[in-house]
Amino acid sequence: MDIIETAKLEEHLENQPSDPTNTYARPAEPVEEENKNGNGKPKSLSSGLRKGTKKYPDYIQIAMPTESRNKFPLEWWKTGIAFIYAVFNLVLTTVMITVVHERVPPKELSPPLPDKFFDYIDRVKWAFSVSEINGIILVGLWITQWLFLRYKSIVGRRFCFIIGTLYLYRCITMYVTTLPVPGMHFQCAPKLNGDSQAKVQRILRLISGGGLSITGSHILCGDFLFSGHTVTLTLTYLFIKEYSPRHFWWYHLICWLLSAAGIICILVAHEHYTIDVIIAYYITTRLFWWYHSMANEKNLKVSSQTNFLSRAWWFPIFYFFEKNVQGSIPCCFSWPLSWPPGCFKSSCKKYSRVQKIGEDNEKST
C-alpha cells in the first residue's frame with residue numbers, strides 16, 4: 001500500500017506545471033459554502049443556461065428592448081387643438097357665406113350658368129332633402145363608430161384636421177369667385193347692406209341649424225364653389241371604411257350607397273353646379289389619401305428633397321400631430337367609458353399554480 005501511495009504522489013507532482021509561482025492551487029469550495037456566500041445561484045443559473053443551449057441548439061436568443069415605448073400615444077391635448085382648428089374653420093365658413101351672399105348678383109340679371117347635367121336631368125324638389133338626410137345618417141354612424149374606437153384620439157384629430165382644412169379651402173374658393181345661383185328656383189334672403197347686427201344673427205342661425213335646408217337655416221346664396229354637402233358625404237364614408245373591419249363589406253356597401261345617392265341627389269335637385277361636386281369630391285379624396293399615406297409611412301414623415309409631399313403648407317401641422325404615431329393604426333374597439341376596477345372583481349379566491357400544486361401534495365399525503 002505504501003508503494004502504491006508513493007507512486008500516486010510522484011505521478012501527481014509530475015503532472016503539475018513547472019512554474020514555481022503556480023504551485024499553489026486554490027481548493028474548491030463545497031457547494032454548501034458557495035450557497036452560503038451567495039455565489040451559488042448565478043453559477044447554477046449560468047450553467048443551466050449553458051446546458052439549455054446545448055440541449056436546444058436551434059433556439060434563437062432574442063434581445064428584449066430595455067424600454068417599452070407606446071406606439072400609439074393618445075395625446076388628447078393634440079386632439080383638442082385639432083378640434084378647435086376644425087370649429088374655427090367651420091365658423092369662418094358661415095362668416096364667409098354671409099359676406100359672399102351680399103355679392104351674389106340677382107338671378108334676373110345673371111341667369112344660371114349652362115350645365116350639361118341640368119340640360120338632361122330635370123329638377124326634383126325633394127332630392128336635396130334626401131341628400132341631407134343621408135348626410136345626417138352617415139355623420140351619426142361615423143360618430144357612433146368613432147366612440148367605440150380604441151385609438152379614437154388619433155382618429156379624431158385626423159378627422160378634425162382634414163375637415164377643417166377642407167372648409168378652409170372652401171372659404172377661399174367662395175370668396176375669390178362668386179357664381180350666380182344654379183337655378184331660377186332659388187329664393188335667396190334679402191341683402192343687408194352693411195347691417196352688422198343682422199349679419200351676426202344670420203351667422204348664428206347658420207351655426208345653430210348646421211347650414212341645412214331641412215332645418216331652415218340654408219337661406220343664403222353664394223356658397224357654390226365648392227359643395228360642402230359633397231365634402232361631408234365623401235369624408236364620412238372614407239373614415240367609416242378606413243377605420244372599420246375589412247370583412248364588414250355589407251356595412252361599407254350601405255355607407256357607400258348612402259354617400260353616392262346623396263351626391264347624386266345634390267345634382268338632381270339642381271342645388272350645385274356639377275363642377276362644384278366634382279371639385280369637392282376630388283379635393284376631399286386627395287387630401288384624405290395623402291394624409292393617411294404620409295401617416296402610415298415612416299419615410300413620408302421626414303422632410304427631404306425626394307419627399308414632395310412634405311412641401312405641402314400643412315406639413316408642419318401634420319408632423320406635429322403624427323410624429324409620435326408609429327405605423328398604421330390597428331382596427332381595435334373598446335367601450336367608450338371604462339367601468340370602475342372593482343365592478344368586475346370576482347369574490348372567489350384566486351390560486352397560483354404553485355399554491356395549487358402544494359395543496360394537491362397535501363391532499364395526497
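Here the Cβ of each residue, glycine as well, is placed from N, Cα and C on the backbone.
Database features (Swiss-Prot):
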ACT_SITE  His229  active site
ACT_SITE  His272  active site
ACT_SITE  Asp276  active site
COMPBIAS  1-14  compositional bias 'Basic and acidic residues'
COMPBIAS  15-24  compositional bias 'Polar residues'
LIPID     Cys331  S-palmitoyl cysteine
LIPID     Cys332  S-palmitoyl cysteine
LIPID     Cys343  S-palmitoyl cysteine
LIPID     Cys348  S-palmitoyl cysteine
REGION    1-52  region 'Disordered'
TOPO_DOM  296-365  topological domain 'Cytoplasmic'
Item to check | Assigned element (helix, strand, coil) containing Asp276 (active site), judged by DSSP | outcome: helix
Checklist entry - Across all protein chains in the structure, which of the recorded sites Cys331, Cys332 has the highest Cβ count within 10 Å? => result Cys331
Checklist entry - Quick one: what's DSSP say for His229 (active site), helix, strand or coil? => result helix
Item to check | CB within-chain contacts under 8 A for Asp276 (active site), separation at least 6 | outcome: Phe224, Leu225, Phe226, Ser227, Thr230
Checklist entry - So what's the mean pLDDT when you look at the topological domain 'Cytoplasmic' (296-365)? => result 74
Checklist outcome for this item: Across His229, His272, listed as active-site residues, the smallest other-CB tally within 10 A is for His229
Checklist entry - Considering only the recorded positions His229, Cys331, Cys332, which residue has the minimal Cα-Cα separation from His272 (active site)? => result His229
Checklist outcome for this item: Cα-Cα, Cys331 (S-palmitoyl cysteine) versus His229 (active site), nearest Å, comes out at 28
Checklist outcome for this item: As a whole number of Å, the Cα atom of His229 (active site) is distant from the Cα atom of Cys332 (S-palmitoyl cysteine) by 29
